[in-house]
Amino acid sequence: MEASLLRQCPLLLPQNRAKTVYEGFISVQDGSTCIFYHLFIYFFSKGRDFHLRIELPEDLQMKNARLLCSWQLKTILNGYHQIVQQEVALKKKQELCPPPPPPQFYSSLIEEIGILGWDKLVFVDTCLSTIKLKAEDASGRKHLITLKLKAKYPAESPDCFVDFPVPFSVSWTPQVTDQPQIGVRIAVLPITVPLSAGLVMYPCHCSWNFQIWYDTSSLISIYGQFLAALESLKAFWDVTDEIDEKTWVLEPEKPTRSATARRIALGNNASIHIEVDPKHPTMLPECCFLGADHVVKPLGIKLSRNIHLWDPENSLLQNLKDVLEIDFPARTNLEKSDFSMDCGICYSYQLDGAIPDQVCDNPQCAQPFHQICLYEWLRGLLTSRQSFNIIFGECPYCSKPITLKMSGRKS
């Protein structure tokens, strides 16, 4: 910054060691222009020198600097105030509204969508900058991918948004030619019809079992990578779908395809929270039992004792049944309301998206509470005491001892 400033105005000298204050002279000739970075200052005057002092802010940005000058220079600058405002407004407008892409952008995009198949198009905006495509995986699940195209497409990769439990990274090589390189191979035919050379193959899982060949800088390339990612996540979604269909999932209430956690009801006021690994969905997940100690402690003992029985060849749900020696409450026999007891303090089921996960250990009470509600209640009791992240107090209902171990879910 300093070198550029002094190069434009060599008669300015720093006045302190931090080089935040400059003072000196500037020479203005007929029709000459002096531009200080983001300050558009036009000097039109007969040749003369003006005394000028520049005070820079802490960030050393010229656009936030203070200019101290003589009244003669100030008069000249005030005369061009409107011109400066127009220039600044024009620059901001250009930054907010970049020029439209060339016609080739639209023609090549329409051609790519046509080859990909208009039946796969779900949404496209009027500027053709946002496109949504749909696909089905091998199990018939429907998925969407949203593409945000940039003005320099296909020289720049579009931004891709998917509902995946893992990051979706796109392999992209900028196109050299004006047209996308595309070819199609139909598996049921004995011949291959290439449309150009230098192509990459991606499998497309559908009833016709055909394969698309294309370069790595087109919508077809991204769609092929999208299909490949769907195939790699099939086992994960098979696991989570079985859990959602055959058990009562308390949280999340409406799981998305990216959700890896499930809180499954085990019985009245007892549940298990699991975190499924998308890359190894049939392996033993992270488990956390929630409920009264007299209910969940025996389950923890069974998990430790039977962990050797876990078989990755079986489904995750079946393994949980075998290891915990239980049958999960079936959706066909019970309603979700059978497990949805309101908090004993705020008298609601959901509080900021959380449901009651603390239960009184007294078997005759077993009243559930939100963690934050019980935390605030125990904090208000003079008889409560705290040791690190554990609070000891009395149950609001039965007055029996109750223990609250704080976790990140409180916030």
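Cβ atoms are placed via backbone N, Cα and C, with glycine included.
Since this is a predicted model, take the numbers as computed values, not measurements.
If you look up TrEMBL, you'll see 3-32 (among others) marked as domain 'Fanconi anemia complex subunit FancL WD-repeat containing'.
Annotation comment: TrEMBL describes 44-88 (among others) as domain 'Fanconi anemia complex subunit FancL WD-repeat containing'. Mapped onto DSSP classes, the domain 'Fanconi anemia complex subunit FancL WD-repeat containing' (44-88) shows 20 helix, 12 strand, 13 coil.
Residues or ranges marked as domain 'FANCL UBC-like' by TrEMBL: 103-175 (among others).
Here the domain 'FANCL UBC-like' (236-330) has a mean pLDDT of 91 out of 100. Positions annotated as domain 'FANCL UBC-like' by TrEMBL: 236-330 (among others).
Residues annotated as domain 'FANCL C-terminal' in TrEMBL: 339-407.
Tallying C-beta pairs under 8 angstroms between the domain 'FANCL C-terminal' (339-407) and each of 44-88, 103-175, 236-330 places 236-330 first. Residues in the domain 'FANCL C-terminal' (339-407) partition by DSSP class (helix H, G, I; strand E, B; coil) as 9 helix, 19 strand, 41 coil. Each residue of the domain 'FANCL UBC-like' (236-330) gets a DSSP state, and the totals for helix, strand and coil are 37 helix, 22 strand, 36 coil.
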